[in-house]
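Per TrEMBL, the features are:
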DOMAIN    234-370  domain 'GGDEF'
TRANSMEM  21-41  transmembrane segment
TRANSMEM  47-68  transmembrane segment
TRANSMEM  80-97  transmembrane segment
TRANSMEM  103-119  transmembrane segment
TRANSMEM  124-141  transmembrane segment
TRANSMEM  161-183  transmembrane segment
Amino acid sequence: MKLLNDIGQFSEWEKVLVNSIDKIIVILAICSVPATIASLSRMSLSGFQISMGSHVAITISLVTAALIRHKLPIKFKLNLVLVITALVSLVGVMDWGLLGNGVLWSILSIIFVTLYYGIKAGAICALAFFIYVSIIGYFYINGVIQPQVDPNSYVVSVSGWMTGIIGALLPLSVTIVIIGTLYEAARDSLIKLERQRVEITILAERDDLTGIYNARVFHKMLQQAIERSKRHDSWVYLINIDLDNFKSINDNYGHHAGDAILCYIAKQLLNVTRGEDTLCRVGGDEFLMLIESPERHEPQELEAVIERIKTAIEIPYIYEKTKLSVRGSIGFAEYNAKATPHLKNKDDILKEADKAMFRNKEVSRTQEIS
Ligand SMILES: Nc1nc2c(ncn2[C@@H]2O[C@H](COP(=O)(O)OP(=O)(O)OP(=O)(O)O)[C@@H](O)[C@H]2O)c(=O)[nH]1
């Protein structure tokens with residue numbers, strides 16, 4: 001009862017089983033009617049056989065189960081299908097030997113056992129069936145069991161072929177349902193897992209408000225840039241951007257306005273960030289940009305970058321018909337493993353960019369006062 005006992009813990013798996021078992025019961029019920037008619041039509045050749053009686057009983061049980069399937073507990077339905085397929089195969093092999101579809105049904109029955117009770121149970125069942133068929137085969141070969149019909153006339157009879165075809169189609173269609181349902185369930189689960197993985201990655205790497213990278217990822221990327229610099233003698237530029245007097249936006253227009261401005265600034269900064277550069281919000285109103293270059297940038301080049309950033313930030317944002325303008329203080333640190341030996345690690349680089357930004361803020365403040 002391994003898998004059946006586990007079902008309660010896996011509601012998704014339970015849904016798959018319920019879905020597949022209901023489809024299987026309906027298919028079996030629909031197909032069992034012509035199959036039983038075909039089976040009974042063989043009475044003219046063989047007289048009444050146990051298998052025919054069991055076919056009638058099975059059809060009645062299946063049609064009833066299909067009609068009230070939504071009211072039946074899943075365990076009952078699983079076991080019903082299992083018992084029926086096992087019964088059809090066991091009686092079929094005994095009554096009809098090689099002329100019937102018993103062996104085909106046994107495969108279906110073993111698939112069910114494996115699916116619901118695990119591989120070990122399936123293997124035991126397969127072994128038991130193998131022994132059973134061998135014994136029945138032995139009895140047939142030695143005349144202990146006589147064929148119910150004349151094999152020569154049976155293999156050219158309409159009823160023989162009808163039973164053969166319908167009897168074979170049934171386990172085959174049920175197998176398709178089982179494999180199809182499991183395939184769809186596995187595919188859906190994989191898609192769901194992949195989506196969750198992407199969501200988790202986004203949650204872990206992105207800033208909740210602006211959607212750009214968060215400090216955690218940025219620190220990792222800065223560390224990798226330092227390693228590359230050590231290896232390839234490249235240059236790393238860390239630009240620190242801190243909005244000026246941002247508190248007043250929150251105080252005067254509310255937190256919503258502040259949030260909207262932060263998202264706007266992130267967008268503006270992304271517009272001036274090249275694809276290979278990295279932008280992040282480290283918290284509050286502070287942003288960091290990481291630029292890597294194989295060669296050292298000329299001071300004018302860096303000034304141009306900083307000017308572009310300043311201009312992008314200063315373009316006013318319209319919040320509820322009000323023009324809101326913010327400015328930013330910007331400082332940067334440049335790192336090269338050989339050329340800047342005073343910068344030992346990423347914290348030193350971060351501190352240097354921070355200090356430069358504060359110097360710039362002081363200059364702006366002094367200019368505002370005077
Ligand atoms: N709306 C909003 N405000 C935030 C968020 N995170 C931080 N803040 C606010 O940003 C402001 C940052 O204040 P300060 O660090 O003093 O900076 P400032 O007001 O820009 O002043 P200076 O940096 O000295 O120019 C604080 O009022 C924080 O409450 C956020 O996610 N949304």
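The backbone N, Cα and C atoms fix where each Cβ goes, and this holds for glycine too.
What TrEMBL says about a protein is an automatic prediction, not a curated fact.
On the 0 to 100 pLDDT scale, the domain 'GGDEF' (234-370) averages 92 in the predicted structure.
Contact count against the transmembrane segment (103-119) (Cβ pairs under 8 Å) is highest for 80-97, out of 21-41, 47-68, 80-97, 161-183. Highest Cβ contact count with the transmembrane segment (80-97) among the listed stretches 47-68, 124-141, 161-183 falls to 47-68 (criterion: pairs under 8 Å).
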